[in-house]
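Over in TrEMBL, the protein carries these features:
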BINDING   Gly546, Gln547, Thr548, Gly549, Ser550, Gly551, Lys552, Thr553  ATP binding site
COILED    209-314  coiled coil
COILED    344-455  coiled coil
COMPBIAS  1-11  compositional bias 'Basic and acidic residues'
COMPBIAS  54-69  compositional bias 'Low complexity'
COMPBIAS  112-129  compositional bias 'Polar residues'
DOMAIN    455-788  domain 'Kinesin motor'
REGION    1-30  region 'Disordered'
REGION    54-154  region 'Disordered'
REGION    475-496  region 'Disordered'
Amino acid sequence: MIKREDADPKAKGVQPFPISINPGPWDSLRIPKRPSRNNCMYTCLDVPPMALFPSSHSRTVSSPSSPFPASTQEEPAYGDYDELSNGFGALNLNASSTEPHDRRRLGRGYASSKSLDISLKSNPSSSLPRATPAKSMRHPPPPPARGVARTPTRAQTPQELTPFLNRFTNVRAPVYDDPRVSELEAKFNAFTQQIQSNMSTQDNLNTKNTELEATVSRYRSMLDEEKAKLDEQKSDMKELKSLLKATTKELDSLRKSHYDEIEDFKRKQRSEMQDLQFGNDQIRREKEEFKEKIEKLKTRTEELSEIEKKLKHDLEEERGKRLRDTQGVQEEYAAKLRNAGLDAETKQREAQLLQGELINIKSELDRERTLKNGLQAQLTESTTLALTLEAANKAMKEKIHFLESDSQAQSSAFNDLHARMQEAIEVAALANEKLRQEEMLRRKLHNQVQELKGNIRVMCRVRPTHASETEPANIAFPDADTDSKEVAVQGPGRTSALGTTSAQTYSYGFDRVFAPSSQNAEVFDEISQLVQSALDGYNVCIFCYGQTGSGKTFTMSSDDGMIPRATAQIYAEAKRLEEKGWRYKMEGSFVEVYNETYNDLLGRSEDIDKKKLEVRHDPAKKQTTLENAVTVELDGPSRVEEILSRASKNRSVAATKANMRSSRSHSVFILKLVGQNTITGERSEGTLNLVDLAGSERLEHSRAEGARLKETQNINKSLSCLGDVINALGSAKEGSHVPYRNSKLTYLLQYSLGGNSKTLMFVMVSPLQAHLQETVTSLKFATKVHNTHIGTAKKQTRA
Ligand SMILES: Nc1ncnc2c1ncn2[C@@H]1O[C@H](COP(=O)(O)OP(=O)(O)OP(=O)(O)O)[C@@H](O)[C@H]1O
C-alpha cells in the first residue's frame, strides 16, 4: 500500500504528489511528474498485462485507504498516453514482447521486443505535456475488478501539488519510503531475475536451436546425398532390371522358339500320322466299297442267272404251249399255217432277240467278271499299298523313337568321346613330360660330351686349289679314312752337303681335319653340336683363323657357310623345341674390328669408320652389349641373307678406301638367343659368335708400308692378343688376370672366350706351296691353342 508522504515537502525540496496505484489487473504505479491537464505530472511505473484491459470506458479511481480525497480520474486515451509518455520521465517495465499493443502503450521507453527495458525516460526535446481530454477511446482502460478497492491516483487539487525537479524548477524530488514501492521493487527485482534467467534459458535454447538447425541441415544434406545415392542405385537397378528383362525376354523368345520347333515337329508328326491314318481309312473304305461292289456284282449275277432261268423257263413254257397249241390246232394248222408260221417267225425273232439279250447279259457278266478281277487286283494292290504304308508308318514311328532316343545316344557318345579325349590329353601330357625330361637329359649328356671334347677345340681345313693355281704344297692327310684328325705338311726341301735333297714333314693333330674335298655341309656337321649349345644357353665362339685367301670367308659367310647353316639350324631347333614349351627370341648384329675400331656392318655404309660403336659389359649377367649398333630380329631364315648381303655391301664400300678390306679386318656375327620355357619357367640366354678373322700373314712377309703397315700391325697385335688370352685362359688359375682389354677383338669377345664359353677355332690352310711358310705358322699357332685346356663352360640359365 502506498503511504502518503506527509512530511514537509519544502524541507526536502520536494512537493508531495499523489501516487496512482492500480492494484489487481492494472499493476501500475503512476507518479505524477508534471502537471497534466489538471497540472499534475506523473512518473509512471507500469506493469500492464494488456489482456487485462477489458473494456473501453474511463474509470474512476478511488481508494478508501488513500489519504487523498477520492476522486474520479479519467484515464487518458492511449493515443494521448503516448503523448503523455513522451513528456514523462517514465519507469517502464516490460516483460512481455508479444503484444505490440503494449509496446505502443508503453511508448518510446521500449527498446526491443525481447529485452527487458527498465529506464527512466525523459524526452528532452519534448515540451511540457498538456493533458488533453480523451477524444477517442481507442483503448479505454478496463473497469476495476469486482471487489478490488480503488485507490485515487490523481490529486484533485492541483494547488496542493508543487512541481518538482524539471526544466522549470530545480526543487528536489521527495524521498519516499513507501513499503509498496519496496515490495514492488522486490517484485520487480525478482521478476527481473526471472526474466534474466528466462533470457539466459532462451539464449541457451536459441544456441541449442541453432545447433539443432545446423544438425538438421547436416542431416538434410546427408539425406540429400543418400537420396542421390539411392537415385543412382535406383537407376542402376532400373538398368539391371531392364537388362534382366531383356535377358528374360530373350530367354523367353528362345524358349518359345524352341517350344515352337518342338511343337512344329510334333504337329508334323501328328499330321503325318493323321495322313497315314487317313490313307489307311481310305484304303479301308475303298476295300469296303470294293467288297460292296463285289457283293453287288454277285447279286446282279444271281439276278441275271435267275432272269436267265426264268427266261428259259418261260421259253420252255412258251414252247410247250406252242406245241400244245400246235397239236391242238393241228387241224386248224393248214388254215392257220400262215398265221402260225408268222407267229412262229415272230416268236423265233423274239427268241433270237431274247438269245441276243442273253448273249448281251452274258457278255455283261463277263465284263463284270473282268471288272471284278480288276477290282480284286486293285484290292490286292491296295492291300499291298496298305501294308507298305503300315510298314512306312512303323518305320516312321521307329524313326521318331530313334530321334527321341538319339539325343541320349549322342550325349552318351559325347561323354564317351570326352572321356577318351581326357585320356588322350593325359597320355599326351605324360608323353610331353617324358619328352621334357628326355630333352633335359639330352642337354645334360650333350654338355658332358662337349666337355669331354674340351671347351676349346681346333679344327683344320685345307681349301682346294683353283685351276689357276699351279704349285700346290705337299699336304697329306694320313688318317683321312679313319679319324681325320691329322694333317702332314712337307716343309721346303733342303739340299744336304752330300747333295741330296730332303724335305721334312710336319705333322699336326687337331680335333678334326678337313681335306680339300670336304664340303661346307660336312664341316657344319662337326660344329652343329656347338650351335645347339648356344640354344641351350651357352656362349659359343667359332673363329676362322688363317692367312689371306685360305678360305675363311668361304667357310664362314658364303651362301652355304657356317653363318647361314647355323642360323637355319637354330630356327629348326627353336621350332622343334616349341612343343617342349620353349620360345626363342633371336637377335643378330654384325660388326667389324678394323684398325682397332668397331664398325657396324649393318648400319649405313657412309657411317663406316665414322660412327663409333661402344662395347659395354655386364659382369653380373656376363653379357656384352654393343651400343649404337643395329640389331636385327631374326624372325626367319631369309633375314640372315639380308644381313650377310648388307654386311658384304658395307665391306665392299669400305674396300674402296682401303684395299682388300675383308682381309684386313675381323668380322664378328653375333647371334643372341634368349629362350623361355613357358611350362617349366626355365630361361636360357646364349650367344653364338661367328668370327672371320683378318689374314694372319706376317708383317715381314707382306712387306707392307704406310696405311697397310698400320693395318697389318693392328691385325698382328689383335691376333697375338687373342693368342695371349687363350694362353692365359689355359694356363692361369681361376680368377687370375686375362688380358681381354689388350685388343678390341678380345674385349668384344670377353664373355665368349674362357670359362663360360665354348670355343672352336678353324685354322684355314692354303694348299699352295707359296704359302707354305704361313701355313706352318698358322698350324703351329693352332696347335698351341689346341693344347690349351679351358675350364668348364657354364650354362646361362635362370629358373
Ligand atoms: N673349300 C673351298 N672350296 C672351294 N673354294 C674355296 C674354298 N675355300 C676357299 N675357296 C675359294 O678361295 C678363295 C679365297 O677364299 P676366301 O676369300 O674365303 O679366303 P679368305 O681367307 O677369306 O680371304 P680374305 O682373308 O682375303 O678374306 C675364294 O675364291 C673362295 O671361293
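From the backbone N, Cα and C atoms, a Cβ is placed for every residue, glycine too.
With a threshold of 8 Å between CB atoms, the same-chain residues lying at least 6 positions outside the region 'Disordered' (475-496) that come near it are 460, 462, 502-515, 765, 767, 772, 775-776, 779.
DSSP gives Lys552 (ATP binding site) a helix state. Excluding the listed site residues Gly546, Gln547, Thr548, Gly549, Ser550, Gly551, Lys552, Thr553, the same chain places Arg463, Cys544, Ser663, Gly695, Met764, Ser766 with Cβ atoms within 8 Å of the centre of the ATP site Cβ atoms.
Spatially close to Gly546 (ATP binding site) yet at least six residues away along the chain are Lys552, Leu693, Gly695, Ser696, Phe762, Val763, Met764, Val765, Ser766, Ser778, judged by Cβ distances under 8 angstroms.
DSSP assignment over the region 'Disordered' (475-496) gives 0 helix, 12 strand, 10 coil.
Around the Cβ of Thr553 (ATP binding site), 19 further Cβ atoms fall within 10 Å across all displayed protein chains. Listed binding-site residues: Gln547, Thr548, Ser550. The one with the lowest count of other Cβ atoms within 10 Å of its Cβ is Thr548.
Predicted-model confidence for the domain 'Kinesin motor' (455-788) is 85, expressed as mean pLDDT. Secondary structure at Gly546 (ATP binding site), as computed by DSSP, is strand. Within the same chain, the residues at least 6 positions away from Gly551 (ATP binding site) whose Cβ sits under 8 Å from its Cβ are Arg461, Arg463, Met764, Ser766, listed in sequence order.
The Cβ of Lys552 (ATP binding site) has 29 other Cβ atoms within 10 Å, all protein chains considered.
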